[in-house]
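J.: I have a structure I would like to understand better, so I am pasting it below and will then ask my questions one at a time.
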Amino acid sequence: MQTKTVTVKVDKHCYDIIIGSSLVAKAALQIKHSLHRKSFHQTRLAIVTDTNVASIHLEILQEELTKNKIHTVPIIVEAGEQSKSFSTLQTVIDKILAARLERGDCVIAFGGGVIGDLGGFAASIIRRGMNFIQMPTTLLAQIDSSVGGKTGINSQYGKNLIGTFYQPQCVITDTDLLDTLPAREFRAGYAEMVKYGLINQPDFFEWLEKNGQKVFSNGPTRIQAIVRSCQFKADIVARDEYETGERALLNLGHTFGHMLETATAYDPNRLIHGEAVAIGMILAHQFSAQLNLISPTLIQRIKTHFKAMRLPTQLKDIPGKLPNAETLMTFIAQDKKVLQNDLTFILIRGLGQSFIAKNVPREAVLTFLEQKLAEIG
């Protein structure tokens, strides 16, 4: 299958997202090209990955790199959101420094969104910036978190509160890796794909309503959906690299979603990121309806599609008890979009008509959350 290329152009950097099959088994050439090396003489790569990916895919990547005389330093962390922590970051940094990797060497993030955020953050601060390449292994990472240069870790006060903007040298997206992805993880990534349609591409949402099931199978429809998603995000990042304006639209569903992830202590048995975003997008639409911005009919349409894809749509779908509304509000208060203590949400005026709403009244959000919690019973 022919590879596709999406180019990300930001102020001081330009890089490619290479999308196709069997890319891990031939990664050396692309890495050499991205690092502008004529040869790999004395080049060393730190491969940051997790226990799940390492058990299935790491050997293939290492064989390809070793065959091309590239010295690798594998750094394997526990799979899951809990690895986006100071302690795990310290472990990754120490292993890279202990191996005496230099600024001109490279960190490869070989995993999902957690690994991309963690590995990218480490690369951005070690020796004030090392080369960095993303090799995303989940749908969510391939269409979202690997594109645009956001890196970081979580805090006890909330998700992604500590991090940097740090663009990679390239993104190598091997769609074959998705064939080994657990169905739940694939569905979670699909939620982020739907998000792009709900932001300002109603035709893409309608296309997904018709073709969504085909995205779950390896083939041209999946490739088409991934390419379109990457291109959409790349275009927004090119116009607003540091999220001072329209890039905030990409946070549709994330204010409520991050609130729920914090409320569930990032426990994957209860909730994973894409599921939180799915519920968060429904909540954002419901809150918009409460403000008389949209019709409840649109909410039902989105719910119908999510349910067809076996995605959660309500707080009741989250196992276990949630904190009260006041506590949830403290999590929202830590949202990165908060400016001068004023709440900012991504709200909706219609299908594919999202907008940045500033100075959203706290009382309205609190009342809304109380209503949603009461529905759980």
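Cβ coordinates are placed from backbone N, Cα and C, and glycine is handled just like the others.
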J.: Select one of His254, His285: the residue that Swiss-Prot places in the Zn(2+) site alongside Glu192, His273.
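T.: Answer, per Swiss-Prot (Zn(2+) site with Glu192, His273), from His254, His285: His254.
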J.: With the Zn(2+) site defined by Glu192, His254, His273, which remaining residues of that chain have Cβ atoms positioned within 8 Å of the Cβ centroid?
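T.: These residues sit around the Zn(2+) site: Leu140, Asp144, Ala191, Lys195, Gly253, Gly257, Gly274, Ala276, Val277, Gly280.
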J.: Measuring CA to CA, name the entry from the binding-site residues Glu192, His254, His273 that ends up nearest Gly113 (NAD(+) binding site).
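T.: Nearest candidate: His273.
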J.: Report the member of Lys159, His254, His273 (the binding-site residues) whose C-beta atom has the most other C-beta atoms within 10 angstroms.
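T.: Counting every other Cβ within 10 Å of each candidate, the maximum falls on His273.
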J.: Using DSSP, would you call Ile115 (NAD(+) binding site) helix, strand or coil?
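T.: The residue in question, Ile115 (NAD(+) binding site), is helix (DSSP, three-state).
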J.: Give the number of CB atoms, excluding that of Gly113 (NAD(+) binding site) itself, located within 10 Å of its CB.
T.: 26
J.: Under 8 Å Cβ-Cβ from Ile115 (NAD(+) binding site), six or more apart in the same chain: what's there?
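T.: Spatial neighbours, sequence-distant, of Ile115 (NAD(+) binding site): Val48, Thr49, Asp50, Val53, Val77, Ser83, Ala109, Thr137, Ala141.
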